[in-house]
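Student: One structure follows; several queries about it will come next.
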Ligand SMILES: O=C(O)C(=O)C[C@]1(C(=O)O)C=C[C@@H](O)C=C1
């Protein structure tokens, strides 16, 4: 049976995504995103599911940076799943005002307006995941903390939903990627006929070349290759040194994408393929996404 690493413990959004990718795989929780990637690099698992970008909060930088700087692990599939954040409390604490709100920093950020309006006096505390916060509060109600997490975590850890759908913008989605060095075809992307093909690359620019980024973009533009994302991240080698992550709405075919990459290399840029993969969006919270 295929083994998949995800950010644990049970009940995280990443576990929800991992289940949506493959119901039959065996899921293994890890304490953080780098540990999931390391587990895959060490061949402890066959695949890893990690968050890449959220509609409200933007990129998950730790995922991008580890994929670019530390590993060579191909992306083989992508799913954007709806993210519904709820305020959970221990059943013993129902109705009491809480001293703190505890969750993953991304989840807290997705609910900033709600927290400012309803829990401004509480301390906002970071946990390693939404489900980790839920697990800790279930084990120790005396902490008097509310938690932001999903419905699955509420059920798993026996917490009460005090307020539903507290995320600041309705269309809250997170893109998760499935990484694997051997694409066994077991990722359930095959069952998603509406999946689009996408290619993600990393580009580095020569330091003394005016207009290099313009030329990079032209290589895609005149081939009519649509880009759905371009983002710069620090190279970590000095101020002003960046790499670009570029998502191309096209599979890595025989002609168009390789041609664009050859042209980009010819002007002295570095390129690296992070993956060419099917990508789908789940619009509604369904049985498989809670
Ligand atoms: O804490 C979780 O439940 C996670 O799966 C992590 C994570 C993230 O890293 O952004 C995933 C999806 C949501 O955007 C909030 C948190």
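Every residue gets a Cβ built from N, Cα and C, even glycine.
I grabbed these lines from TrEMBL:
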| type | residues | note |
| --- | --- | --- |
| DOMAIN | 3-181 | domain 'Prephenate dehydratase' |
| DOMAIN | 201-278 | domain 'ACT' |
| SITE | 174 | site 'Essential for prephenate dehydratase activity' |
Student: Under 8 Å Cβ-Cβ from residue 174 (site 'Essential for prephenate dehydratase activity'), six or more apart in the same chain: what's there?
Tutor: 13, 17, 51, 52, 53, 54, 55, 80, 81, 83
Student: Counting by DSSP, what is the helix, strand and coil composition of the domain 'ACT' (201-278)?
Tutor: 21 helix, 28 strand, 29 coil
